[in-house]
Amino acid sequence: MTDSRIDFRRAKFLISAPDIAHLDQYLPGDIGVEIAFAGRSNAGKSSALNALTEQKSLARTSKTPGRTQLINVFQLDDDRRLVDLPGYGFAQVPLALKHKWQEALGEYLQKRACLSGVVVLMDIRHPLKDLDMQMIEWAVLSNIPVLALLTKSDKLTQSVKMKTVNDVRAALKEFGDKVQVETLSSLKGTGKPKVLSILNDWCHPEWLAEQKAEQASASELAPE
């Protein structure tokens, strides 16, 4: 664990990409660090992002799940970004469009070199649906750490919450330490310190220091 803390409250909107199938055209260069947030359309992803950054409207919430399919990128500092991926699995979205999103999401996970971690958000009352498992498996196969984040934890009693957490951890045991399971209540803030600690560690991968050293060396060698 690193002692260098990232202030997630400093997150600010950077750019939106209208089509996930052409994500590379809109995202910044494949350098630095990105942490992706993915989840079903009713998983409370926007509320979680707002709670973690202590900003009420950083990520726009919608009363109609699946309505907004923009990819929103938020900048933490010059080297680090949060990527809010479109919600998946909403019933009213045409099947062909669902398939396109899933294909593009899989490609993003497999090819984005600066991706340091993926947060897969799930309503704690309905965890580990098929698409959730697919996202987790894609990330693990791409050697990307995963945080399986059970949202809306205030909806359950403490005993039921802990049983659900234990059940989910048991179901994901095959992935070993590549997948962590935690809970979050965006409403009450419970679970937030642990989640931020994990995200902070992801913001400091070993390859970031190597990348910055290479950039500095190239800059020194460049003709004036």
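Note that Cβ sites are derived from N, Cα and C of the backbone, with glycine treated the same way.
Per Swiss-Prot, these features apply:
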type	residues	note
DOMAIN	31-205	domain 'EngB-type G'
BINDING	39-46, 66-70, 84-87, 151-154, 184-186	GTP binding site
BINDING	S46, T68	Mg(2+) binding site
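Features as recorded by Swiss-Prot, highlighted on the structure.
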{"residue": "G39", "record": "GTP binding site", "Cβ within 10 Å": "26"}
{"residue": "N42", "record": "GTP binding site", "Cβ within 10 Å": "16"}
{"residue": "K45", "record": "GTP binding site", "Cβ within 10 Å": "26"}
{"residue": "S46", "record": "Mg(2+) binding site", "Cβ within 10 Å": "22"}
{"residue": "L70", "record": "GTP binding site", "Cβ within 10 Å": "16"}
{"residue": "P86", "record": "GTP binding site", "Cβ within 10 Å": "22"}
{"residue": "K152", "record": "GTP binding site", "Cβ within 10 Å": "22"}
{"residue": "L184", "record": "GTP binding site", "Cβ within 10 Å": "27"}
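In the predicted structure, the domain 'EngB-type G' (31-205) carries a mean pLDDT of 90. It is 12 Å from the Cα atom of L70 (GTP binding site) to that of S46 (Mg(2+) binding site).
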